[in-house]
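According to Swiss-Prot, the region 'Disordered' annotation covers 1-20. Annotation comment: Swiss-Prot describes 1-103, 102-195, 195-313 as region 'Sufficient for self-association and interaction with TARBP2', evidence class similarity to another entry. Among the features that Swiss-Prot reports, phosphoserine is placed at SER18, SER167, SER246, SER287. Swiss-Prot lists 34-101 with the feature domain 'DRBM 1'. Annotation comment: Swiss-Prot describes 126-194 as domain 'DRBM 2'. Per Swiss-Prot, the feature domain 'DRBM 3' maps to 240-308.
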Amino acid sequence: MSHSRHRAEAPPLQREDSGTFSLGKMITAKPGKTPIQVLHEYGMKTKNIPVYECERSDVQVHVPTFTFRVTVGDITCTGEGTSKKLAKHRAAEAAINILKANASICFAVPDPLMPDPSKQPKNQLNPIGSLQELAIHHGWRLPEYTLSQEGGPAHKREYTTICRLESFMETGKGASKKQAKRNAAEKFLAKFSNISPENHISLTNVVGHSLGCTWHSLRNSPGEKINLLKRSLLSLPNTDYIQLLSEIASEQGFNITYLDIEELSANGQYQCLAELSTSPITVCHGSGISCGNAQSDAAHNALQYLKIIAERK
């Protein structure tokens, strides 16, 4: 969640060889850049370097919450997230949205919903950049990529990346991190390619057909693993909670991402967040004497939460 406190007009970016510099072109010309990086480049060109300050850090609750404030010239925005990085990311994103809304900053983005691949040389096709252009064109938040899994032997590595756009999600796999990101972006573009601009279908409506694992589907699932969870006490010793959660995820069609928190807890324990790509997204906190124990505790808490949800009628 992001908040803007002051929406003063930002000075237009200037090139040395021409007039107004297009922030939109700067974003789309450099696909894969995070909002933090884009805002920093904007600040460099306008001589207003973004300044980030941590306003709140609450790690004692079930789900840690961080609030960061970013100031760029006369613009101040805040962002919240379950990690410092995510909070800064959202604060920068909010500032970019204000700059985008400024009439003095032009945005040269394609009018069609999808770029025309036939007009682009094959060696210049970039699904990551095309998806970013699509998000900017429709005023959506920029796509977020998360490396969720890395495995395979050294000579044949396989990476799995989760791409999120608003509440939409796709998973891509590849022999490199970049290839996995491209694959996830390509899946998004393929999904949107059948939507004509005339239909004016909002992203929210599109998401409704691809929600994946919802609370409703979880409660009514005939799956063996989820029904076993309903009958489990989740207190038996030597239970592999990470494996059990993974089996339920495979059965119910959602992904799990473990995010290690850099800061230790108040009593000196490691901390971790388990993020489940359910709809809505589930985030559970865990702690322990090691990173592995923290992940196991987060998985245990996630299982307890899923058990409560699945048993409700």
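FYI, residue positions are counted from 1 along the chain as it appears here.
Note that Cβ sites are derived from N, Cα and C of the backbone, with glycine treated the same way.
Per DSSP, the region 'Sufficient for self-association and interaction with TARBP2' (195-313) is made up of 54 helix, 22 strand, 43 coil. Here SER246 (phosphoserine) comes close to ILE256: these same-chain residues lie at least six apart in sequence, with C-beta atoms under 8 angstroms from its C-beta. Cβ neighbour count for SER287 (phosphoserine): 20 (other Cβ atoms within 10 Å of its Cβ, all protein chains included).
Predicted-model confidence for the region 'Sufficient for self-association and interaction with TARBP2' (1-103) is 69, expressed as mean pLDDT.
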